[in-house]
Amino acid sequence: MGHETMTPAKTTTTTTTLVFTYGTLKRGFSNHVLMQDLIRSGDASFKGVYQTLDKYPLVCGPYRVPFLLNKPGSGHHVTGELYAVSPRGLSRLDELEGISRGHYIRQQIRLAAEEEGEGGDLETETSSSCVVEAYYAHKSYEEELWKRNRGRSFGAYTENEARGYVKRNDRPQHLSFLDHIRIFVSSPCD
């Protein structure tokens, strides 16, 4: 046993999960601090900017919280960031996304390989896609959220969509996140 055991595990090991982030976990947004923590501790690494292979609706819910709806074929090809995350990192993300509380659901999504530089030949671009995980809006309110947004969605969560985002701790604490969603979907559109 040499010293090489001290280096962080390479992301090629099967223990990491590829997670596609499309909202507040991206660089420059409010929850990216968690991603930075995970990167510092070796529990996550940035893989690049990617787009979904299929179109999906990306909408805002209460407090400008972004939701990806699992409705392939509607909406846009969504642009986001891909991270390789360790099991420890994944459980931190699952906790943030409220997986056990019915806020979001983690399921597979297919990404197209995005060519960063110009001159990427078309053949590799069309043939290469990979299956990763993403956090979708939970089934319990997905349909109402789609109706509430009247079929309007966007291809990326940008500064523009995030304007007016309210951090979790700044929201009314006596209501649960699902309460906020219920109030939102039953309120008139602006």
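Cβ coordinates are placed from backbone N, Cα and C, and glycine is handled just like the others.
Per TrEMBL, the features are as follows:
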type     : residues : note
DOMAIN   : 19-117   : domain 'Gamma-glutamylcyclotransferase AIG2-like'
ACT_SITE : Glu97    : active site, proton acceptor
Secondary structure content of the domain 'Gamma-glutamylcyclotransferase AIG2-like' (19-117), with strand meaning DSSP E or B: 25 helix, 41 strand, 33 coil
For the domain 'Gamma-glutamylcyclotransferase AIG2-like' (19-117), the mean pLDDT of the predicted model: 94
